[in-house]
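Structure first, commentary second.
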Amino acid sequence: MSQQVLPTSLSQPEDHSSSSPPNKSLVDSLKTDARDRLNSFKSGFRLGELSGSLGDLGTLLPIMLSLSLTGQVDLTASLIFGGLWNIVTGLTFRMPMCVQPMKSIAAIALTNHMSIGSVMSAGMGVSAVVMALGITRTIHIVQKYTPMSVIRGIQLGTAISFGGKAAELVKQAKSFGGESWTWDNNYEWAVFAFIIVFIFYYRSKRIPTAMILFTIGLIIAFIKLYTNPPAKAVYPKIGVYTIGVTVPTWEEFKHGFVSASLGQIPLTCLNSVIALAALAQDLFPEHPTGTPTIAVSVGMMNLIGCFFGSIPFCHGSGGLAAQYRFGARTEVSIIILGLLKIFFGLFFGSSLSGLIASYPSAILGVMLFVSGIELGAVARTVNDGVYDDQKRHANFIVMITTAAMLVGFKNDGIGFIGGLVAALCFYIGSKYMGSMDDDVQVLTEQRPSAALPAAFSSSMDASVPADGHYERDEDRSSVHKTLPAQEPTRP
């Protein structure tokens, strides 16, 4: 049996015992880390980072507003603790790690009219379970035995779900023209935002599209709120807003855990921890992020924040993809966002609900749609490094199966189980039943260029470097893998 050879840096660690005392090495490492962070902060203060910090608002604002207007969460506490967790996770992970609401809990809470105590109990219940999986490193076992095709399927399914939710937000706006048309929230704004995003799609670091759209939406919201206010409108009012303690009763805890936590646990474990760790490795390989650390982070956020009425928060692969797409490349983006949330939470608090309610859903919908597009794009790497036709075909089928079941049943857990069962069946078939049938083999061996016009195919081939390597455009707004000149010889 062949043994894996570890890299020299790992297999032969340097011996500092004879050259310098351990304390000096620790001090040197702390100085180096501080220097790296300082350089990161200096390079991160630019418009692209600020724009990227706003990329996940399409998910945050509608959910936070809906729950705060019904009294199921405290808006002031949600802003303050959301900002605090932005800062803490930015410093911890050194990347634009998103902090977003637990969507399944929010949906169930709104549907079943749960009390604030039950909502807080649901968030604490999920966090306790996920944190236990992180501390015991059990979540690492789940990640280890989950095929990459299943993870990519979860990401693809989540992306499609984002597209559906984005369409719902846009459809809340008024159609083109007609008697019901309004200037502040209509399909024209959605088309304008769509065009702006895709014109500058690969230049989001230099053209802060999210900040441009957010500013336009904010101006529209101010004009609407002060010129055509709804009944019982709430206007922004400066002051010092405080938060109180929320202690759920035993009955509320049981109701929240059974009704909402059980459905959120698989979603958090799969999308907020496992799929997020995979996406973070794709986008920020220079900052390795382990699933246990992410799981503990999710647990800490809600075991503290939910006692003060904050909306249950988690991380998410979709939020990270959104912030990356709109220009966030360092932790500076979410640290700035966190400071802004804390400022507005402390000095404006719940008085911002009227302004948030006036924000055009057409623009929010487009921002959420782009988040889904960026998350789903990682599915193209499902077969990176795989050259066996049968394995490539099986990986693609497993990914599609996972995504389809997730979207169809609207449940990450069902998609996860369906993908695992499909992957297991393919494994058993390949191990005990041999290779695929000849007619299937022929279909999988067809190259994409065979169906394209000769001129187009040759132009594509001419643009592909011969060595086959990963490339990024100059502002790191996209990542793609060029095709190798020759595939390794199959046995």
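In case you wondered, yes, glycine gets a Cβ from its N, Cα and C as well.
What TrEMBL records for 1-23 is compositional bias 'Polar residues'.
Positions annotated as region 'Disordered' by TrEMBL: 1-29 (among others).
Away from its own ends, the transmembrane segment (75-93) comes close to residues 60, 64, 68, 99, 241-243, 280, 287, 289, 293, 297, 301, 304-305, 308-311, 313, 315, 331-335, 337-346, 349-350, 352-353 of its chain (Cβ-Cβ under 8 Å, at least six residues beyond either end). Per TrEMBL, transmembrane segment is recorded for 75-93 (among others).
Residues or ranges marked as transmembrane segment by TrEMBL: 114-135 (among others). Same-chain residues lying 6 or more positions outside the transmembrane segment (114-135) and placing a CB less than 8 Å from one of its CB atoms are 67, 71-74, 102, 105, 108, 142, 246-249, 252-257, 259-261, 264-265, 268-269, 272-273, 291-296, 298-303, 305-307, 309, 311-314.
According to TrEMBL, the transmembrane segment annotation covers 186-202 (among others).
Residues or ranges marked as transmembrane segment in TrEMBL: 209-227 (among others). Beyond the transmembrane segment (209-227), the same-chain residues lying 6 or more positions past its ends with a Cβ under 8 Å from any Cβ of the stretch are 47, 50-52, 54-55, 57, 184-185, 189, 193, 196-197, 200, 233, 235, 326-327, 354-356, 358-360, 363-364, 366-367.
Beyond its flanks by at least six residues, the transmembrane segment (300-322) meets 55-56, 58-59, 63-64, 67-68, 73-74, 77-78, 80-82, 84-85, 89, 95-102, 105-106, 116, 119-124, 126-128, 131, 155, 158-159, 162, 243-247, 268, 271-273, 275-276, 278-280, 283, 294, 367-368, 370-372, 374-375, 377-378 of its own chain at Cβ-Cβ distances under 8 Å. Here TrEMBL flags 300-322 (among others) as transmembrane segment.
According to TrEMBL, the feature transmembrane segment maps to 334-356 (among others). Beyond the ends of the transmembrane segment (334-356), by six or more residues, the same chain brings 49-50, 53-54, 61, 64-65, 68-69, 74-80, 82-87, 89-91, 96-99, 218, 221-222, 225, 229, 233-241, 323, 328 to within a C-beta distance below 8 angstroms of the stretch.
Residues 55-59, 61-62, 148-149, 152-153, 155-156, 158-163, 165-170, 172-173, 185-187, 189-190, 193-194, 197, 210, 213-214, 216-217, 278-279, 282, 317-319, 321-322, 324-326, 395-396, 399, 403, 481 of the same chain lie 6 or more positions beyond the ends of the transmembrane segment (362-382) yet place their CB under 8 Å from a CB of it. Positions annotated as transmembrane segment by TrEMBL: 362-382 (among others).
Taken from TrEMBL, the feature transmembrane segment applies to 394-409 (among others).
Remote same-chain residues near the transmembrane segment (415-433) are listed as 146-147, 149-150, 153-154, 157, 266, 270, 390-391, 394, 397-399, 401-407, 409 (criterion: CB distance under 8 Å, separation of at least six residues from the stretch ends). Residues or ranges marked as transmembrane segment in TrEMBL: 415-433 (among others).
Among the features that TrEMBL reports, region 'Disordered' is placed at 454-491 (among others).
Per TrEMBL, the feature compositional bias 'Basic and acidic residues' maps to 468-478.
Among residues of the same chain six or more beyond the transmembrane segment (186-202), those with a C-beta under 8 A of the stretch's C-beta atoms are 170, 173-176, 209, 212-213, 220, 325, 360, 362-363, 365-367, 369-370, 473, 475, 477-478.
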